[in-house]
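Only one structure is covered here, and it is reproduced in the block below.
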Amino acid sequence: MWGASASSALLVCRTSQIFEVLALTRKSLELESGSQLTYLYGPQRSPVGRAAGAPRWGTELYLKLLLVAIVLPEGLSFFVGDFRLSVARVLIFCSFIAALQQLGQRLGTRTVVCVPSDILAPLTGVWMMLAATVTDGPAGVKGAGIEALEFVGAYLTFRFLLGPVDSSVRIARFSCKLMIVIVGIALLDPLSDKLFTYEFIKGITGYAKLSYDGPLAIRADTFYRDGVVRAMGPLEHSILFGAVCVWFGVVAFTTFRHQVLGWGVAGIALIGVWFSQARSPLLAYLIGFALASFYAASPRFAARWKLVGLCVTALLLVVFTFSGSPVATLVRLSGVSPEAAWARQAIWDTGGPVVLGSPIFGIGLNGDWNWQSHGALVSSSVDAFWLATAMSYGIPGSALILLTIASACWLGSIDKSPHLTPEERRLSVALGIVIATIAFLGFIVHFWGICWILIAVFTGMRANLAETAILRDRAAPAARMRCDPITGDI
């Protein structure tokens, strides 16, 4: 009996020791994991934080103010000599200099990852000014220089001034909330039966545009549909307002899909698109949310985007092979009205030869072209971003813009990176979907002003996330080596 009792006591003692060791091991692993995360992501002592320059909290506030300035109405701009400046342009110029300084510091420490768009964006700006100089002389540099500054400056700002940890997510969350305000302001247009923001700003500053006042006086389709004012808000056109709703709606729905914010902003964005009465953005909304839903429903399907790309390529090959009017066919397949489809086809049929006549440098920003040669066109407006940029800056200029926004994703998919937070991973996918909708809409919609700047913002944020994933991956071994496995101390 005594021997059995002693054996039982010894067994209990050994079992207790085993559980204590297991508990200690689990605790040490938790400490190690938490400390590694602190070491990896901490802005002051982590290699990621040092590599990114650990920007002060004021930098993030500046970026939020810049986003607000970007969406301010055009009527709040001011003139300095012959240059029309806006608050956004001034802030972009300042942040452009700060971004170059940040890049210089990081190049000195060799802690920067070169994303292809980092090379293509400045090259795009240089080509735009070169093409404008060739076509219009020194006078052409004024308009092209401003556009180049907006694009390159906004890209570099959101590429190099974002912080090392979740800064891009916080900026995205702020921009989604800002979108709610923009939609609320835009809905005042149909409610008041006038372009409320435009008329309000005109009453304060006296800034008026003949391209607005003329069509408004005759209630043209540009601003009215079925007798109702099309919502526009602070944007330059209702189609551009619809496009912005699509972009931020996709960002909110994809990044914050587990939160009320994500679903709420997505619904509000749909309301904005609907009241813009623009069918092209409505189609882009359906495409964007279909891609976002496909991503959410196929977490283990690694080849999802290859499948999507294959389907799109097959569709384009069939249409361009068997259709005599491929642009009109694609637009009609998209659900847009036959009149709009044939108008887009007419634009491409007339503008295409103009581009082929000056393929390298284009015809300039103010170049004349014989749009009257096609009976279906009623103005010189080119409602196709890729065609318009090719006409202004040549085929290389249009191609460089497309390659810049696409190359922000060329380092591969990062939504499976273990070193990004879940929201950062989803944001990377959201920005990829936004870039896809930009590329699609560019064939049937022209972007300028606020949308032109936002395209660069989205591209810079996507490139920043790609670099962040790589820097954290490089820093992970150092984090494991510097963590004490027992205490978790660094």
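Yeah, the Cβs are placed from backbone N, Cα and C, and that goes for glycine too.
These features come from TrEMBL:
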type     : residues : note
TRANSMEM : 86-104   : transmembrane segment
TRANSMEM : 111-132  : transmembrane segment
TRANSMEM : 144-162  : transmembrane segment
TRANSMEM : 174-192  : transmembrane segment
TRANSMEM : 235-253  : transmembrane segment
TRANSMEM : 260-276  : transmembrane segment
DOMAIN   : 266-401  : domain 'O-antigen ligase-related'
TRANSMEM : 282-298  : transmembrane segment
TRANSMEM : 307-328  : transmembrane segment
TRANSMEM : 384-406  : transmembrane segment
TRANSMEM : 427-455  : transmembrane segment
DSSP-assigned states of the domain 'O-antigen ligase-related' (266-401) in counts, ordered helix, strand, coil: 97 helix, 0 strand, 39 coil
Surrounding residues of the transmembrane segment (260-276) on its own chain - C-beta under 8 Å, 6+ positions past either end: 173, 176-177, 179-180, 182-183, 186-187, 189-190, 230-232, 238-239, 241-242, 245-246, 248-249, 252-254, 282, 285, 289
Among the ranges 282-298, 307-328, 427-455, the one whose Cβ pairs under 8 Å to the transmembrane segment (235-253) are most numerous: 427-455
Distal contacts, the transmembrane segment (144-162) - CB-CB under 8 A, six or more residues away: 52, 55, 59-60, 62-63, 66, 70, 83, 88-89, 92-93, 95-96, 98-100, 102-103, 106, 115, 117-118, 121-122, 124-126, 128-129, 131-133, 168, 171, 365, 393, 401, 404, 452-457, 459-461, 463-464
Model confidence over the domain 'O-antigen ligase-related' (266-401), averaged pLDDT: 85
